[in-house]
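K.L.:
Sharing a structure here in structure tokens format.
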Amino acid sequence: MDKPHTQIMSIWLIVSTLLLLLMIVVGGITRLTNAGLSIVEWNPVSGIIPPISSEDWNNEFNKYTASPEFKLINNQITISEFKYIFFIEYIHRLLGRITGIIIIIPFLIFCYLKSLTKLQYYRLLLITCLVVIQGFMGWYMVKSGLKETPYINHCRLAGHLLLAVIIYHQLIAELLIIIQPFKCYTLATSKANNSNSTSINVINLKIKLIIFNKIIIFLLYTQIMFGALVAGLDAGLIYNEFPNMGDSLIPIEILNQSIDFTMFDNQVLMQFIHRWFGILISGLIICYAIWLIILNKHALRGMGMVAACLVLVQVTTGIITLLYHVPILAALTHQVGAILILTTFLFIQNIVTNFELLH
């Protein structure tokens, strides 16, 4: 790919990544304000135009009054209050459409111009397919709350968030491949140290760093999933204390019952797992960050410091979110913090993967 195409693709991927990050934030706001069920239809094309006239608003409000959420929860809501939650969900859906267009249309143009390598084509095709699936996944999630029970299925919510994170991950990975910010980064300190034994040690170190980093990325995905389950179950609104859950570190509900296949529906268990799994991952990240700092290689040292700082902030925002009964700002900061930590480790993965050994 020539330089102009590389620059254009880099800008496209950066814009797509930022839009997706914004989508995740707005999705969090939608969940925290309970606005997700305010639009009871899915019209990918006609739904782009919002209600404008009083008649339009009355039509939308009448549709909402027929929904289980209105009948069982929000039957006192006014049309002014309805407009507020409607616009939050509308913005989320509109942003989803814009993000989809921004990702899909340029991809088709690049294909038409035949400016993609074979590997790029397949990687970007995967991203495009995931974006389309995400649109259907969003409606599949919302649809779960339009039945008798007016609550969005928490497992579908977790799937929707995880799919967004996977797309974000793939966009970041593709961007790093194109711009190659750490290409030819040298792990070895100098040519004088390039004996065979030193080269072997460096290779072993590189393998260890890659493996450990991938483990942390996997654990982060798992923790994000548990966070989504906690959000979907409103499990952050119980046991608003730390470190204890009631009279002990382990809540009595867990001590008095066996774990079965309904564990993902259990508010207490999900909060317990999310808080202590988070502490475990935070400890691993701090240890890994210290390791990177001790290696004293400029890019790794900097990333290690960033990772350590982010995880300390993340633990703090998590505790604040819990203690203060899930305030929107703290909860959003906590959600974005998880994405930023994941991003940091995607950058670290790129660094350690692109080490060039001196011979």
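Any Cβ shown, glycine's included, is placed from N, Cα and C.
Not measured: the values here are computed from a predicted model.
Just lifted these from Swiss-Prot, have a look:
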type: BINDING; residues: HIS274, HIS334; note: heme binding site
type: TRANSMEM; residues: 8-28; note: transmembrane segment
type: TRANSMEM; residues: 94-114; note: transmembrane segment
type: TRANSMEM; residues: 124-144; note: transmembrane segment
type: TRANSMEM; residues: 159-179; note: transmembrane segment
type: TRANSMEM; residues: 215-235; note: transmembrane segment
type: TRANSMEM; residues: 276-296; note: transmembrane segment
type: TRANSMEM; residues: 303-323; note: transmembrane segment
type: TRANSMEM; residues: 328-348; note: transmembrane segment
K.L.:
Please report the number of other Cβ atoms within 10 Å of the Cβ of HIS334 (heme binding site).
P.N.:
25
K.L.:
Would you call the transmembrane segment (8-28) and the transmembrane segment (124-144) in contact, using three or more Cβ pairs under 8 Å, pairs 6 or more apart in sequence?
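P.N.:
No; fewer than 3 Cβ pairs under 8 Å.
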K.L.:
Under an 8 Å Cβ to Cβ limit, what residues of the same chain, 6 or more beyond the ends of the transmembrane segment (159-179), are close to it?
P.N.:
6, 9-10, 13-14, 16-17, 20-21, 23-24, 27, 120, 123-124, 126-127, 130-131, 133-134, 137-138, 141, 221, 224-225, 228, 339, 342-343, 346-347, 350
K.L.:
By a simple count, how many Cβ atoms lie within 10 Å of the Cβ of HIS274 (heme binding site), its own Cβ left out?
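P.N.:
Excluding its own Cβ, HIS274 (heme binding site) sees 23 Cβ atoms within 10 Å.
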K.L.:
Same chain, outside the transmembrane segment (215-235) by at least 6, Cβ under 8 Å from its Cβ: which residues?
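P.N.:
Same-chain contacts beyond the ends: 31-32, 152-155, 157-158, 161-162, 165, 264-265, 267-268, 270-271, 273-274, 277-278, 281, 284-285, 288, 331, 334-335, 338, 341-342, 345-346, 349.
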K.L.:
Does DSSP give HIS334 (heme binding site) helix, strand or coil?
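P.N.:
SS state of HIS334 (heme binding site) = helix.
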K.L.:
Look up HIS274 (heme binding site) in the DSSP assignment and report helix, strand or coil.
P.N.:
helix
